[in-house]
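Step one of this worksheet: look at the structure below.
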Amino acid sequence: MAKITTAQLLKMKQKGEKITALTAYDASFAKLFADAGVEVILIGDSLGMVLQGHSDTLPVTTAEIAYHTRCVRAGAPLAFVIADMPFMSYATVEQAMHNATPLMQAGANMVKLEGGDFLLPTIKALTERGIPVCGHLGLTPQSVHVFGGFKVQGRDEQAANLMVQQAIALQDAGAQLLVVECIPSALAERISKALVIPVIGIGAGKDTDGQILVMHDLLGISSGYIPKFSKNFLQETGEIKQAIGKYIQDVKQGQFPGPEHSF
Ligand code: KIV
Ligand code: NA
């Protein structure tokens with residue numbers, strides 16, 4: 001398999017081929033996922049919850065994401081690898097440039113930042129300097145304390161319209177990919193159609209350009225609460241490789257997520 005690039009992901013959207021993505025934090029799982037055909041691997045700051053056992057993602061550091069990015073890249077040399085920028089590591093444009101650097105040097109192809117309008121100058125600055133950016137809208141877990149819990153976002157019409165506008169603004173600023181998390185399926189579909197860049201959903205229904213799950217949720221081994229939008233693929237397959245294969249197949253065929261995993 002050839003190296004996966006932003007150009008290829010864009011082509012997949014244009015052809016209507018669903019993009020499959022998973023989080024991974026180490027070389028062994030990254031290799032397993034990439035060999036199975038997962039196009040995008042995210043070193044999510046979800047590692048603060050699923051690896052470190054915290055109740056949110058706020059304690060995660062840039063050095064920790066860089067470490068896990070090196071591990072993932074070693075296992076999956078050809079995958080498209082996105083590294084999350086942790087809480088407050090991109091509060092200013094200068095901080096973002098400073099902290100994105102070690103993530104790219106660790107092997108990331110792109111960095112992911114949570115938020116809307118305040119990020120526009122940051123996205124422009126990073127992209128101009130050679131660092132591709134993935135946006136993240138909806139339930140952005142770094143803002144869980146502002147939201148007052150892990151809650152579905154964009155439910156009313158005003159919030160939905162604002163999110164569409166923000167998605168377009170992120171794209172216009174230079175973002176080359178967008179994650180939308182825990183939003184109504186109809187809104188996710190609207191955003192996916194409004195944007196040229198691929199939109200990857202989690203808890204956002206089946207009508208996005210691709211899907212992502214936290215690997216521990218897919219395997220049913222998350223220590224805490226397993227969200228409604230996740231599915232334990234290991235339960236029905238009984239074997240990790242088959243579980244990954246089934247996830248890929250179900251996403252590609254538009255079978256996952258079903259209405260029971262959507263809002
Ligand atoms: O940290 C993470 O795993 C994420 C995904 C859920 C999109 O940001
Ligand atoms: Na994240």
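FYI, residue positions are counted from 1 along the chain as it appears here.
Yeah, the Cβs are placed from backbone N, Cα and C, and that goes for glycine too.
The 3-methyl-2-oxobutanoate binding site annotation in TrEMBL covers Asp45, Ser46, Asp84, Lys112. Counting only same-chain residues six or more apart in sequence, the Cβ atoms lying under 8 angstroms from the Cβ of Ser46 (3-methyl-2-oxobutanoate binding site) belong to Thr23, Thr57, Asp84, Pro141, Val214.
The Mg(2+) binding site annotation in TrEMBL covers Asp45, Asp84, Glu114. Residue environment of Asp45 (3-methyl-2-oxobutanoate binding site) contains 28 other Cβ atoms, counted within 10 Å of its Cβ in all protein chains. In this structure, Asp45 (3-methyl-2-oxobutanoate binding site) belongs to neither helix nor strand by DSSP; it is coil.
The active site, proton acceptor annotation in TrEMBL covers Glu181. Listed in sequence order, the residues of the same chain lying 6 or more apart from Glu181 (active site, proton acceptor) and placing their CB within less than 8 Å of its CB are His136, Leu137, Gly138, Leu139, Thr140, Pro141, Gln153, Gly201, Ile202, Gly203, Ala204.
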Students should find that the Cα atoms of Asp45 (3-methyl-2-oxobutanoate binding site) and Glu114 (Mg(2+) binding site) sit apart, in Å rounded to an integer, by 11
Students should find that the Cβ of Lys112 (3-methyl-2-oxobutanoate binding site) has, within 10 Å, a number of other Cβ atoms equal to 23
Other than Asp45, Ser46, Asp84, Lys112, the chain contributes near 3-methyl-2-oxobutanoate (Cβ within 8 Å of their centroid) the residues Thr23, Leu42, Ile43, Gly44, Leu47, Thr57, Val60, Ile65, Ala83, Met85, Pro86
DSSP, reduced to three states, assigns Glu114 (Mg(2+) binding site) to coil
Candidates Asp45, Glu114, Glu181 (recorded positions) with CB under 6 Å from ligand 2, in sequence order, are Asp45
